[in-house]
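Everything on this sheet refers to the single structure shown next.
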Amino acid sequence: MAQIEKFLVALFLFAMAHSIILVDATFSKSMYITWGSRHASMQGEDLQLVLDQTSGSAAQTKKAFLFGSIESRIKLVPGNSAGTVTAYYLSSTGSQHDEIDFEFLGNISGQPYIVHTNIYTQGNGSREQQFYLWFDPTADFHNYTIHWNPIEVVWYIDSIPIRAYRNYENEGIAYPNKQGMRVYTSLWNADDWATRGGLVKTNWSGAPFIARFNHFRARACKWNGAVSINQCALNFPANWWTSPTYKQLSYAKLGQMNWVRNNYMIYDYCRDTKRFNGRMPPECFKSQF
C-alpha cells in the first residue's frame, strides 16, 4: 500500500511539473504572426510590427497560460505617433472572455505617450487606468511585465509596479482565474479615439510606423483545459507564483507604486463618479494593494 501511495504522489508531482512551462525561447519559437504578415518580421529574439495605410500587424503566442509572469521589452513608435496604438496583452476568447491589457496610445511629437491599462473578467471591462511615463519609451527598450496569480494581477514597467487588481471573488467580484489566456501584440490605427479622443488623426506622411519587441518570456502555467484551473492554482513549489512572496507587494514595491500613481496617473475609473452615475464598481471600495 505504501508503494502505491508513493507511486501516486510521484505521478502527481510529474503531472504538476509538466503543467508548468518556462518559455525561455525566442519570439519565433513562442509566437506567430496572425495578420499583416507583409508588415511584420520575426527573427530570433526580435519582433517588429509595422503599420502603414494598407495594414497594421499582430502576433500571438502558440500556447495559452493560466497564472505566471509574462514579460517583453518594447521600443515604441517614435516621432509623431498620434492615432497609433501598440497593444501587448493577455486574452482568452469568446463573449465571456478574460483579458489583461497594456496599450500604448501614441501622440504628436513632444507630447507623452499614454499607457492605457485595463482588465476584463467574464467579458466585462471598463476598468481603465492610464498613466504618463517617466521616460521616453521610443528612445530605448523597456520591460513591460504582467504578473498574474490567484491572489492578484500586477502591471510592472521596468520592475516598478504601476497597478494591482486583487481577487475578491468570494465577495462576488469577478476575477480572471478560470480561463487560459494567450499573449497578443499588435500595432494598429485607432485615430478615431486613441489621441485626444480622436481629435488628432494619424499623419500618414510619417508611415511606416514601427514598434519593436524583444526578450519575450512567459514563466507561466500552461493551459491544458479545465484541469488547469486547480492545477495552476495549487500552493505547490513548482507553482512559484503562489508563494507568499507574490501574495502581497513588499513595502518597497508599494512605495514605488505610490510614487507612480501620485505623479503619473492621469485617469482612474474608480474616481470617475460621473461615468458610473455614482454607482461605482464594487472593487473600487476594496483595497487593491
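Yeah, the Cβs are placed from backbone N, Cα and C, and that goes for glycine too.
Values in this document were obtained by computation on a predicted structure and should not be read as measured data.
Copied over from TrEMBL, here are the features:
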- 1-213: domain 'GH16' (DOMAIN)
- 1-19: signal peptide (SIGNAL)
- Glu99: active site, nucleophile (ACT_SITE)
- Glu103: active site, proton donor (ACT_SITE)
- Asn107: N-linked glycosylation site (CARBOHYD)
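Annotated features taken from TrEMBL, shown on the structure.
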residue : record                      : Cβ neighbours (10 Å)
Glu99   : active site, nucleophile    : 19
Glu103  : active site, proton donor   : 19
Asn107  : N-linked glycosylation site : 20
- Message: Please report the distance from the Cα of Glu99 (active site, nucleophile) to the Cα of Asn107 (N-linked glycosylation site), rounded to the nearest angstrom.
- Response: 25
- Compute the average pLDDT of the predicted model within the domain 'GH16' (1-213). 88
